[in-house]
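Engineer: So TrEMBL has the following annotated:
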type	residues	note
DOMAIN	88-514	domain 'Major facilitator superfamily (MFS) profile'
TRANSMEM	20-42	transmembrane segment
TRANSMEM	172-189	transmembrane segment
TRANSMEM	195-217	transmembrane segment
TRANSMEM	229-252	transmembrane segment
TRANSMEM	258-277	transmembrane segment
TRANSMEM	342-360	transmembrane segment
TRANSMEM	372-392	transmembrane segment
TRANSMEM	404-421	transmembrane segment
TRANSMEM	427-449	transmembrane segment
TRANSMEM	492-509	transmembrane segment
Amino acid sequence: MGDFDADTAFLGNWGRFQQIVFFLLCTTAVPNGFNALSIVFLGDSPPHRCLIPEAANITEEWRQASIPTQVVNGETEYSRCTRYRLDLISNFSAQGLSPSKDVNLSEVPLEGCSDGWTYSKETYQSTIVTEFDLVCDNEWKQPFTTSIYFFGVLSGSFFSGQLSDRFGRKPILFITMVIQTLFTFIQAFSPSWEVFSVLFFVVGLGQISNYVAAFVLGTEVLTGPPRMIYASLGVCGFFAIGYMTLPLFAYFCRDWRTLLIALSLPSIVYIPLWWFIPESPRWLLSQGRVEEAEAILRDAAKKNRVTAPEVIFAHREGSQKQFKKQEFHGFLELLKTSNIRCITGMLCLMWFTLTIGYFGLSLNTSNLYGDPYLNCFISAATEMPAYVASWLSLQYLPRRLCSSFKMLLGGGLLFFIQLVPADLPSLAISLEMIGKFFIASASALIFAYTGELYPTVMRNTAVGTCSMASRVGSSVAPYFVHLGTYDKNLPYILLGSLTIISAAITLFLPESFGRPLPDTIEQMPKRER
């Protein structure tokens, strides 16, 4: 395919054409920030306890004493899943006996919440937990709901990458945006948890497909410093803007159905972007569609007010036939040679680890000390400086060492949270947010790093496959968070240890800093030994 960057150098790096592509593609990441972590509020479990029916013939004193207490993480609270046997309490109340004074409550048998639960409405009007009673015996459905979403993300990562390499970046980008928006809206009318979960799977499928297609399209259209900014600060920063806006939506929409409708409607404004975002000229060349690629570049030249050469690909003058459609490279091509296998394996491990860390910490915000809306906003705001740091790293620092260093610091901070005294929750939250800063920065860096290592003919498949591996991690992340119900330090120990191990393995990847973007498999860099 020749040197694409040299062939298109006449456009410059930052003309009107590049500015339009940059900002429009970045804005497509904002809804991803809404949907990726909406489950933090949709699926949060407010304080609850067994319902004592109003029809129960007991005094107010016995009604208050009907729920046993227990100690959780050093604090006394009402039991969430048991109550004293209601028939016995009714009998004691009818006899005029008083709890604790006339009756030893520790000797009264317990029973489950056969009449349902009562939920605190201090923070939420309703969530899917309160709507479908995802507590006690059904508590396993809480993390599983999040995992179902990430199973959809996993499927989208695998199939959208190959579809995008086969049919183009632009069609897949807009089709998956429609899927994400439409099914988020339909999800608001779910009559049951099962229907909600199926629709959530489809939303996840569209969410990551949109994100990966936009990332690859921008990486291939932009050149020079704008490409670095887009791959780090640009698309990731706009994702964080969507994430930061999420708690604002949730604060004013305390009902989960209203929240879903509010999150889906803004995406309608993206429909006109079809006429402003071009297809990737690199991809068109890889498919032998030279005339279409040249048409896009000539239109770009007009927007940038520069003159395009008569023959854009001058070193191929008179030999357009040499731009043959290259063979489609599917998932198995990533396992074809020893070099590609090792690079793919190491990158998959990095993506897996970073995604567990990122989503584990993000999903945990509702469990932190303090207001969940404020905690979520702080967690999202932490990502903005993280992406600035990622951009600066891409500009001036080697990819391999920088990625390893950030993962080492992020994992180390998480690992040492267990040493923070229980009476200093603010210090523990601070360490967690700083740890997330380094993990988010490394996550943004790994997107660009992966795109630089693979050639154009299989870049989207490679990024999609690595993203698929990461979504296995995101599917596991809710269970890492759920481990905190047994030991609040256990998630941090596991996340910290896994991140530190991955930081060491990163050192064996090849370096891509300062090297041109490869177009063919032969141009791929070799791994370090």
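Using the three backbone atoms N, Cα and C, a Cβ is placed for every residue, glycine included.
Unlike curated records, TrEMBL annotations are generated automatically.
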Engineer: Sequence gap of 6 or more, Cβ distance under 8 Å, 3 or more pairs: do the transmembrane segment (342-360) and the transmembrane segment (229-252) meet that?
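Structural biologist: Taking Cβ pairs at least 6 residues apart, the transmembrane segment (229-252) and the transmembrane segment (342-360) are not in contact, as fewer than 3 fall under 8 Å.
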Engineer: Any residues 6+ beyond the ends of the transmembrane segment (195-217) with a Cβ under 8 Å from its own?
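Structural biologist: Here the qualifying positions are 25, 28-29, 31-32, 35-36, 128, 132, 144-145, 148-157, 159-161, 164, 169-170, 172-173, 176-181, 183-184, 186-187, 231, 235, 239, 277, 279-280, 447, 451, 459-460, 463-464, 467, 471.
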Engineer: Under 8 angstroms for C-beta pairs, at least 3 of them, ignoring pairs fewer than 6 apart in sequence. Is the transmembrane segment (492-509) in contact with the transmembrane segment (372-392) by that rule?
Structural biologist: no
Engineer: Averaged across the domain 'Major facilitator superfamily (MFS) profile' (88-514), what pLDDT does the model get? Just tell me the whole number, please.
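Structural biologist: Per the prediction, mean pLDDT sits at 83 for the domain 'Major facilitator superfamily (MFS) profile' (88-514).
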Engineer: State, in range form, which of 20-42, 258-277, 372-392, 427-449 has the highest count of Cβ pairs under 8 Å to the transmembrane segment (404-421).
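Structural biologist: Per the Cβ under 8 Å count, 427-449.
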Engineer: What residues elsewhere in the chain lie close to the transmembrane segment (372-392), defined as a C-beta under 8 angstroms and at least 6 residues from its ends?
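Structural biologist: Long-range Cβ neighbours of the transmembrane segment (372-392): 33, 37, 40-41, 44, 123, 228-229, 232-233, 236-237, 239-240, 243-244, 246-248, 250-251, 361-362, 365-366, 429, 433, 436-438, 440-442, 444-445, 448.
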Engineer: Same chain only, please: residues at least 6 beyond the ends of the transmembrane segment (20-42) with a C-beta under 8 Å from a C-beta of the stretch. Say none if there are none.
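Structural biologist: That would be 124, 127-128, 145-146, 149, 173, 177, 180-181, 184, 203, 207, 210-211, 214, 217-218, 221-222, 226, 229-230, 234-247, 249-250, 256, 259-260, 263, 266-267, 270, 273, 276-278, 303, 359, 362-363, 365-366, 372, 376, 380.
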